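What Swiss-Prot records for 232, 233, 234, 235, 236, 237, 238, 239 is ATP binding site, and it gives sequence analysis as the kind of evidence.
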């Protein structure tokens with residue numbers, strides 16, 4: 001290990017000389033306390049080091065020791081239910097080692113527990129030919145997650161020895177005989193965070209990641225293996241939307257990265273997730289979640305690492321064949337960390353002071369999402385769905401981070417502060433949002449939910465767009481200028497907005513809606529429109545139709561019908577048809 005000497009300190013950036021044997025992205029121990037840093041630039045024998053801890057008290061002349069290894073994460077049993085900081089230090093073990101509730105500098109703790117023993121059940125046997133990515137056994141980490149122990153990348157050969165039993169993450173579970181000699185395999189493996197884990201092939205994502213949020217699943221779906229952005233001004237509900245997706249999304253593993261946001265938001269996750277029950281497994285949501293907390297009061301430089309740490313952990317579970325979702329809240333704070341380091345490196349600034357390479361760094365992150373055929377001989381399919389919040393100052397999405405993100409992702413959930421002020425949640429604006437997966441997912445929905453799903457979705461979306469145009473006419477000349485058919489359209493649009501798109505995240509039934517229930521709800525609202533138009537054509541006055549308040553109230557309350565009682569909606573359809581038939585038979589005398 002080569003020792004250099006500090007010649008300059010500028011906030012989280014340290015410049016050291018005598019580092020000619022070091023490589024870019026090597027991890028260094030900086031100063032007498034051995035603070036963790038990473039080389040981000042080399043000029044001759046001078047290395048610019050990004051330090052992931054507070055640098056006060058460090059000065060020129062202090063030593064810098066390079067470890068010769070890139071910043072890597074430990075991957076193995078013990079990840080699920082854990083909470084790490086941006087460079088994968090477990091916060092509970094860190095607190096015990098530091099004997100403090102706050103981050104103390106220079107404390108070194110292993111990422112995975114070295115004492116805990118895990119029950120390993122081999123699925124391979126002595127004499128089997130194995131290569132990178134092959135599963136050789138399993139560890140039941142939580143009641144929900146089974147870790148599939150894989151041959152590390154770069155090892156290929158014949159199993160010489162494999163043992164069942166209880167092991168710590170560093171004990172040898174198998175020995176593989178390779179051309180270059182015997183290689184030991186442990187439960188744990190390391191991987192550099194800035195390098196994507198390899199796979200056999202990338203697959204086109206066609207299956208939706210269901211979230212139980214009606215506005216997302218129906219109008220702006222994201223595919224398993226897709227990428228989505230949630231931009232919005234402060235208070236519009238970015239974090240709440242991400243929490244809802246983390247809670248109810250049908251991913252098997254959730255990696256939640258709190259990057260530069262308030263600590264209270266991570267506290268909410270830690271408090272809520274253990275108490276919430278996953279509808280699919282009946283277990284606590286925490287049993288499938290990995291948390292990475294790099295809040296706004298933690299060192300800025302570690303924000304940059306936290307997103308890479310999160311995506312590398314997600315890739316590890318993807319390689320086991322799991323559907324993983326990663327939430328990054330917020331990529332804007334990560335970009336601000338890039339901007340700060342770029343400024344300290346005295347690089348030429350790009351738009352609004354962000355570095356010129358902002359777009360490519362964002363692309364590097366989002367491109368690690370996707371649906372893939374994993375390495376190994378069993379043809380496992382895994383996916384990572386990346387959902388990134390963007391916090392543009394003042395809600396202005398013309399700023400560089402939002403624009404760079406929108407060029408990369410295929411789903412845009414635009415949050416609207418106006419909807420938040422109206423207490424309409426989720427605050428996804430149906431006129432500005434889009435999903436480029438919608439047509440592909442419509443085919444899946446038509447085959448798996450109902451044949452006319454795509455047609456219903458298109459009809460509802462058209463009504464909402466027509467409503468925006470009709471509202472302008474109403475504001476100019478009043479509602480009396482509209483025909484009865486247009487006034488009916490406004491009434492149906494209001495029903496779609498308030499009874500379908502609006503969803504109460506704190507109501508035990510309304511917080512999650514299955515696809516079957518979504519289909520029945522949308523069919524009910526659009527069925528009301530069809531029946532009302534039939535009555536108008538038969539000469540019934542619109543006021544008589546709008547006066548059916550009891551039925552309209554039942555349609556509005558259909559969102560609170562339990563998933564086990566969906567036949568009640570069929571009864572509403574029958575009652576609606578009978579009520580319209582009665583109006584037509586009576587001749588519809590208006591109350592005008």
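Cβ atoms are placed via backbone N, Cα and C, with glycine included.
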Environment of 232, 233, 234, 235, 236, 237, 238, 239, the listed ATP site - residues of the same chain whose CB lies within 8 A of the CB centroid: 391, 415, 417, 420, 427
Site of maximum Cβ density within 10 Å, from binding-site residues 233, 235: 233
Fewest other Cβ within 10 angstroms of its own Cβ, chosen from the binding-site residues 232, 237: 237
Neighbour-count leader, CB within 10 A, binding-site residues: 234, 239: 239
Per DSSP, three-state class assigned to residue 233 (ATP binding site): coil
Count of other CB atoms lying within 10 Å of the CB belonging to residue 238 (ATP binding site): 25
